[in-house]
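S.K.: Please see the structure below; I have some questions.
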Amino acid sequence: MRIEKHRTPLSKGIIWTILSVCLLFMFTTLILVIVATAGSTANYKPLTNIYIGEADIKHINVSKVIPQIGPILTILGSALTAPNSSLDDIFGAMKNIADTPALTPLLTLLSNADNTTVTIESLTELAPLAISGNPASSTRQLTEINGLLKYSDNATETLDGLSRLVSASLSSASSNSSSDSTTLVLDLLKDSDNPQNSTDALLTLNNLTMSEKAQLLPVFRLFAFSTNQTATMTALATLMNTTISSSLAQTLLTQLQNTISNGGSLNNTFSTLQPLVPQASAPAFDAVELLLNQTTSTNQTLSTLSDLLEQNLTQSSSAKKAFAALTQLMENSDNSTMVVTSVQSLAAVTNTTQSTQQLIGLDDVISSSSNTNETLSILSELQSGLSGNSSSVQYIPYLFSLLGASTDPKTTFSSLVTLTSWAQENPQTFLPILDILADAKSVQPISAEELNAMTPNILEYLKIPIYYRLSIFTLCHANLENKILDCNSPHAVQNLDFRSIIYDALVTSDFQPYLNALNISANDLYLEGKLLHREHQYVPAVRSVLALNLLAIIFSFFTMIFIILLYFNRYMFKQPLWLIALALHVCVGVATVLAAIIISVMIAIIKSGTADDKYGVVFKAGPAYTGLIWTAFALSFIATGLIIYTWWRNRRSGRYMSGSVTNRKGEIYTYGDGSAISADRFGDHNLGDDDDADFEKQVNRNEITAIDNSSSANNTDVTGSTSNRTELSHPDVTPKDSNGPVNNNAHLVA
């Protein structure tokens with residue numbers, strides 16, 4: 001046996017105090033983590049104030065998140081800036097038609113507006129057509145235009161062409177033109193086997209100058225005297241494509257004229273002249289013979305041919321071009337007489353700009369049509385209706401302005417037809433909508449800053465939640481005043497799908513009719529950007545935090561059990577129990593600090609994403625939840641420190657070391673965490689001589705004295721400490737006189 005330096009051990013009173021503090025801290029940690037995890041599982045305060053994070057959408061960029069709503073909000077927001085306008089006036093009127101067939105076409109018209117100013121002006125001007133117009137007439141004309149779009153492969157091109165065509169027709173009607181060129185052209189195209197080709201031919205003829213058109217007069221006269229216009233066209237085509245010398249032409253015409261004057265036979269003359277004609281000019285010679293054989297007036301035909309050759313039309317490039325276009329018209333038509341008559345009338349039109357617009361418009365409409373015959377039939381009916389109804393004509397320019405300002409003219413027009421039909425049957429319900437349009441027209445379009453400022457009030461009026469409080473198991477909605485509106489039933493861990501969160505809130509609000517009318521689903525919400533790209537980082541965070549919180553709860557519970565065990569004397573100085581308790585304290589601390597860190601990182605990721613994407617959404621951490629988790633970590637950290645301190649002091653003071661001495665009766669006295677062992681088990685190991693026995697007793701007294709003095713140093717009433725006396729008393733061990741000097745540094749090592 002030998003004596004070493006001995007550190008003053010902690011008394012049981014201090015150990016119990018430390019264990020009590022640790023038990024209290026672990027119990028508090030357990031409660032804090034449970035409350036933080038449960039969060040707003042019950043819809044009452046103060047639990048509703050416990051949430052992981054809160055999304056604030058009062059200044060959400062609606063035009064970016066829901067692009068279809070952007071133009072609508074711009075128009076309605078502009079109306080709100082008008083004098084004496086209020087949310088009830090604007091959105092109350094919209095709410096009145098929410099359950100009617102009018103909401104869908106109205107919102108579609110506004111949503112498709114690429115230029116809200118033009119759209120508002122056009123709708124305002126078209127409104128009387130719906131309210132006070134002739135339902136049968138105005139609706140029929142709109143239906144006819146809608147029919148054109150039905151057969152269109154390119155609605156934009158069709159409407160552009162129709163706009164040119166109708167504008168030109170209206171101009172012609174206002175000038176009282178004696179020749180309705182549009183009607184002539186439509187008749188030509190309806191008779192054509194290839195309307196597209198015929199339209200191109202008419203454009204070619206229309207682009208000729210008046211002098212170039214005059215060159216065609218001999219051609220028209222030849223057709224006028226012809227008994228077989230197909231043969232006449234063939235003969236003229238041959239003349240246009242064959243080179244004939246002027247001398248030969250003059251000789252031929254002179255001989256023919258003499259024959260006619262003398263009453264001779266033209267056939268004999270042609271037979272006589274045939275051998276004299278060069279081979280290259282033979283086709284032209286045969287063409288002249290064909291023309292004279294298929295005419296009602298030989299003299300007039302021969303005179304016309306003479307004029308045609310004298311003007312050298314067969315060599316004129318413009319004449320060749322014009323004749324080629326005329327040939328196309330004849331070939332595509334089953335009524336060559338109508339073709340000649342119509343082309344001759346169109347050639348007399350002096351306003352080529354107007355006629356060009358008509359033909360270009362027709363070309364656009366026909367080229368974009370999937371059914372040319374139906375398209376031409378509808379155009380004829382529309383032309384007839386507009387020319388006979390002056391009351392509808394005044395609305396045509398605004399109609400095409402509306403379509404021109406639309407991103408989807410086809411849908412816009414069909415919506416206008418539907419809305420007009422409904423408004424004519426329900427004028428009183430529709431009048432407040434017209435007031436909204438009038439208010440919007442009377443003021444400047446609302447700016448982005450003004451719209452952003454009034455967004456909170458609009459959202460509040462439509463009962464759309466402003467604040468979204470995310471807990472682990474629940475999601476709560478709050479209004480502009482931070483009052484809880486509702487909390488969903490606790491369910492599986494929140495997956496932080498912001499698209500679904502926002503859409504579900506919209507569906508349960510007064511905004512639902514707008515979503516249904518525009519057929520907007522959750523996938524239509526535009527939330528692309530950094531926030532969604534990092535979804536794989538923050539979505540698993542909530543599940544991780546839940547797992548860590550559960551571990552913290554479990555570890556806290558078992559830590560409390562081991563702390564209670566350490567209260568008992570038989571376990572107080574068992575080093576393995578202290579090490580297990582220490583490990584559990586560390587686990588609680590690690591679980592809570594990781595949960596707190598993960599939430600902080602998740603909040604930072606979401607805040608960064610919403611800021612960079614410029615959605616106007618502000619996300620911040622829940623102060624109550626953050627405080628609970630960090631407090632739980634702080635308590636577990638302090639408790640861990642206390643356990644480490646106590647364990648280390650006990651270890652350094654030898655409390656965990658097994659030691660023994662033999663008393664006068666040969667019995668073993670044990671201390672530390674050793675067990676009492678009978679003296680006879682030691683046999684030869686017992687101290688046999690008196691010197692050794694005296695030495696052992698002295699050592700035992702020193703050990704007892706050291707512990708006694710330690711207890712006296714840590715307790716104010718040494719004599720009253722029954723626990724210490726119980727610990728130190730042992731049979732046949734005589735305490736050392738306390739009046740003498742005490743060696744507090746003596747330590748026995750077996």
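Just so it is clear, glycine is given a Cβ too, placed from its N, Cα and C backbone atoms.
Per Swiss-Prot, the features are:
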CARBOHYD  N61  N-linked glycosylation site
CARBOHYD  N115  N-linked glycosylation site
CARBOHYD  N154  N-linked glycosylation site
CARBOHYD  N207  N-linked glycosylation site
CARBOHYD  N299  N-linked glycosylation site
CARBOHYD  N312  N-linked glycosylation site
CARBOHYD  N335  N-linked glycosylation site
CARBOHYD  N351  N-linked glycosylation site
CARBOHYD  N519  N-linked glycosylation site
CROSSLNK  K697  ubiquitin cross-link
REGION    703-750  region 'Disordered'
COMPBIAS  703-726  compositional bias 'Polar residues'
CARBOHYD  N709  N-linked glycosylation site
CARBOHYD  N714  N-linked glycosylation site
CARBOHYD  N724  N-linked glycosylation site
COMPBIAS  736-750  compositional bias 'Polar residues'
S.K.: So if I measure Cβ to Cβ from N115 (N-linked glycosylation site) and keep only same-chain residues at least 6 apart in sequence, which ones fall under 8 Å?
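M.R.: Within the chain, N115 (N-linked glycosylation site) has Cβ neighbours under 8 Å at A405.
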S.K.: Do you know offhand how many angstrom separate N154 (N-linked glycosylation site) and N61 (N-linked glycosylation site) by C-alpha?
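M.R.: Answer for this pair: 33 Å between alpha carbons.
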S.K.: Enter the number of other CB atoms within 10 angstroms of the CB of N207 (N-linked glycosylation site).
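M.R.: Here the count is 15.
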S.K.: On a simple 10 Å Cβ count over all chains shown, which one of the glycosylation sites N61, N154, N299, N312 is most densely packed?
M.R.: N61
S.K.: Could you round the CA separation between N299 (N-linked glycosylation site) and N61 (N-linked glycosylation site) to a whole angstrom and send it over?
M.R.: 84
S.K.: In whole Å, how far is N312 (N-linked glycosylation site) from N335 (N-linked glycosylation site) when you measure between their Cα atoms?
M.R.: 29
S.K.: Any idea what DSSP makes of N207 (N-linked glycosylation site), helix, strand or coil?
M.R.: coil
S.K.: Among N207, N312, N519, these being the glycosylation sites, pick the one whose CA is nearest to that of N351 (N-linked glycosylation site).
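M.R.: Result: the closest of the glycosylation sites to N351 (N-linked glycosylation site) is N207.
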S.K.: Taking the Cβ of N335 (N-linked glycosylation site) as the centre, count every other Cβ atom within 10 Å, in any protein chain shown.
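M.R.: N335 (N-linked glycosylation site): 15 neighbouring Cβ atoms within 10 Å.
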S.K.: CA-CA, which of the glycosylation sites N207, N312, N519 lies nearest N61 (N-linked glycosylation site)?
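M.R.: Its closest listed neighbour, by Cα, is N519.
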S.K.: If I take the alpha carbons of N312 (N-linked glycosylation site) and N207 (N-linked glycosylation site), what is the distance between them in whole Å?
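M.R.: About 21 Å separate the Cα atoms of these two residues.
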S.K.: What is the number of other Cβ atoms found within 10 Å of the Cβ of N519 (N-linked glycosylation site)?
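M.R.: Excluding its own Cβ, the number within 10 Å is 10.
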S.K.: In Å, rounded, how far does the Cα of N207 (N-linked glycosylation site) sit from the Cα of N519 (N-linked glycosylation site)?
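M.R.: Rounded to a whole number, the Cα-Cα distance is 48 Å.
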